[in-house]
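**Student:** Quick one: this structure, given as structure tokens, is what I'll be asking you about.
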Amino acid sequence: MADLTELMKNEVFMAFASYATIVLSKMMFMSTATAFYRLTRKVFANPEDCSSFGKGENAKKYLRTDERVERVRRAHLNDLENIVPFLGIGLLYSLSGPDLSTAILHFRLFVGARIYHTIAYLTPLPQPNRGLAFFLGYGVTLSMAYRLLKSRLYL
């Protein structure tokens, strides 16, 4: 069994850790962006969140939806749906001994696709921008899963 120092010498794992940190930081940014838009537009989802703006009917007017808040929230949800599988499959893939350049290509394509997807979602850019970014990132994760299943797992 490999110890932590061996793992830290694994260039593919370290590349994965770097790119995983980037997409996780981006996902954390989306939480902050959602909160920013909720606060600046005074749009809340829960009654207790708008209690500082008054009570009763006065507070109820802040319980509403806003297109900008919903757009950021949907982009964040899309991150959750795509980054979590990338983290799990990417970790297993990085530990399976892939070629460094192939692994880095997978990681870079995924990170680039997710960043571009967020830009396309929040700007908003016309389709097929967002769709292409989504399918590129999804395809990268599928490619890693396929390579992992083909080369290292016994089915």
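Including glycine, each Cβ sits where the backbone N, Cα and C put it.
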**Student:** Would you confirm whether, in Swiss-Prot, GLU6 and ARG38 belong to the same side of the membrane?
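**Tutor:** According to Swiss-Prot, ARG38 sits on the opposite side from GLU6.
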**Student:** If Swiss-Prot gives ARG73, ARG74, HIS76, GLU81, TYR121 as binding glutathione, which of ARG38, ARG41 does it give for that site as well?
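**Tutor:** Among ARG38, ARG41, only ARG38 appears alongside ARG73, ARG74, HIS76, GLU81, TYR121 as glutathione-binding in Swiss-Prot.
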**Student:** So the record assigns ARG38, ARG73, ARG74, HIS76, GLU81, TYR121 to glutathione. If I measure every Cα pair among those residues, what is the longest distance in angstrom, as a whole number?
**Tutor:** 22
**Student:** Using DSSP, what is the helix/strand/coil residue split across the topological domain 'Lumenal' (3-9)?
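**Tutor:** For that range the per-state counts are 6 helix, 0 strand, 1 coil.
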**Student:** Which one is it: of the recorded positions ARG38, LYS42, ARG74, HIS76, TYR121, whose Cα lies the shortest distance from the Cα of LYS60 (N6-acetyllysine)?
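**Tutor:** With Cα distances computed to LYS60 (N6-acetyllysine), the winner among ARG38, LYS42, ARG74, HIS76, TYR121 is LYS42.
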**Student:** Cα-Cα separation of ARG74 (glutathione binding site) and LYS42 (N6-acetyllysine), in Å?
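**Tutor:** LYS42 (N6-acetyllysine) has its Cα 18 Å from the Cα of ARG74 (glutathione binding site).
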**Student:** Checking distant contacts: for the topological domain 'Cytoplasmic' (34-62), what same-chain residues at least six beyond its ends satisfy Cβ-Cβ under 8 A?
**Tutor:** 68-69, 72-73, 76
